[in-house]
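Annotated features, as they stand in TrEMBL:
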type	residues	note
TRANSMEM	31-53	transmembrane segment
DOMAIN	34-206	domain 'Sodium/calcium exchanger membrane region'
TRANSMEM	83-107	transmembrane segment
TRANSMEM	127-145	transmembrane segment
TRANSMEM	157-176	transmembrane segment
TRANSMEM	188-207	transmembrane segment
TRANSMEM	330-349	transmembrane segment
TRANSMEM	355-374	transmembrane segment
DOMAIN	357-520	domain 'Sodium/calcium exchanger membrane region'
TRANSMEM	381-401	transmembrane segment
TRANSMEM	466-489	transmembrane segment
TRANSMEM	501-522	transmembrane segment
Amino acid sequence: MIPFSSILGYEKCDRYLIFSRESALGDGFRAFLYFLGLAYCFIGLSAITARFFQSMENVVKHTRKVVEVDPVTKTETIRHEKVWNYTVADISLLAFGTSFPQISLAIIDAIQNMGNLYAGGLGPGTLVGSAAFDLFPIHAICVVVPKAGELKKIADLGVWLVELFWSFWAYIWLYIILEVWTPNVVTLWEALLTVLQYGLLLIHAYAQDKRWPYISLPIARDERPEDWVPEETPYFQQEVYQKMNSSEIKHVSEENRDTVDIFSIHSENPTDPLCVTVPQTDDEAEILDKAKETTLEDTHLLTIWRQQFVDALRLKNPEGKKLKNMYLRLARIFWQLLLLPWRFLFAFVPPCQIAHGWISFICSLLFISGIAYIVTKITELISCVTGINGYVIAFTALASGTSWPDLVASKIAAERQKTADSAIANITCSNSVNIYVGIGVPWLIDTLYNFIAYREPLRIQSAGGLSFSLIVFFCTSVGCISVLVFRRIIFGAELGGPRLWAWITCAFFMLLWIIFVVLSSLKVSGFI
């Protein structure tokens, strides 16, 4: 049989991932195994993202006690205010955290490349490809996530415009560095300025949120919900509520007093006179009492930590019980089995109730960094075994996989928040973070080392392909943002709306992403 490497015209790859005898296997089989390993790492990223998002919610929900004294009556008034600003949380915790796989990968690539006058292409390629994945496929999914007819709009347009400006400027700035200012070269000052612009983004967005004079846009905003993300029901409470299907909410109206809609036992507005709760039986009341007792008992941190391991090994869940089709239930069990090793590993992450979620947040980022390192090694082996340009792999498969936390976080925000602010802000801010931090920090590491060791700048070997990708991305992103603006004008919201138009928008965004991937791949491969 003719070796895979001989067909594509490159030398056989002698590198390996775990065992030295891997190189004795056929190139095609090795590529298949490495792609499977890459996909499984992406599954792990999706699993740790859920834990990361939960810890981030606890960080954002943290409040502090403020005591106010009335100057006349000397009466003390105690109130609790949020420590975190919504806008700063979206740009720093949400955007930075969900972009951490790409950032970790780029930094690892830069550290491995220290001492080389030329920058590695894996990090920048992944980050530009990730920006395209964030903007097009994630927007496409968020548009169709709301229920049919449900509309979710950006409450603070001023903040979104500021974030959008810095997102577009990030890629214009990158093009200026690579093609205009110092072509194919990155100096120490250029890398430093790139990183510092992330701080300017934070300050400008906060100023817009607080409506500072002179530097904020005079655009009114709608009121955002009090909670950054509504709380989810714990697992044991979901089981309790499932047993109480008979406790429905009966909507009474003058037109039809006998109409009953089946909802959960929670009402969005319990004080609404049009909502009457059906009386509960003694058994149901007993179940609720037990649920409350369980809540009190589980406040002990060690108990909660132990429950994490129990939940990680649990294959059944409320969603699986609802599936009537046997094949769907088997598919769900198979998926749970795939996730089982990852869930058990991530159960070692401390509960998010400790230190307001900060320890869980940091541990989640460390796990993400570890997976990103493995992904880097597997990607290098795929490029070595198949002969495919590493840059092409970086902004296609690698960018899509490492952007999975962005996708999960935006989807959760689009589902659970009443506005579209965090879902869309995560996309635009992640793109900014990708450039200012994800490319800026690795370039700063390499340029600083080269300046100290060689007194030389950092050279970009594939600057032409990267610049071309930036131009294509910029042109297609204009089309994406224009569609969002038209949706705001026509439907009054960016996400949701009539189902047909939501799916048409979704298809258009996916088409833009395909155009970006195809044109960039052809350019790097030398066909354009």
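Just so it is clear, glycine is given a Cβ too, placed from its N, Cα and C backbone atoms.
Recorded stretches compared: 31-53, 188-207, 355-374, 501-522; the one with the most Cβ pairs under 8 Å to the transmembrane segment (127-145) is 501-522.
The transmembrane segment (330-349) and the transmembrane segment (355-374) are in contact, since at least 3 Cβ pairs between them lie under 8 Å (pairs 6 or more apart in sequence).
Under the criterion of 3 or more C-beta pairs below 8 Å, with sequence separation of 6 or more, the transmembrane segment (157-176) and the transmembrane segment (31-53) do not qualify as touching, having fewer than 3 such pairs.
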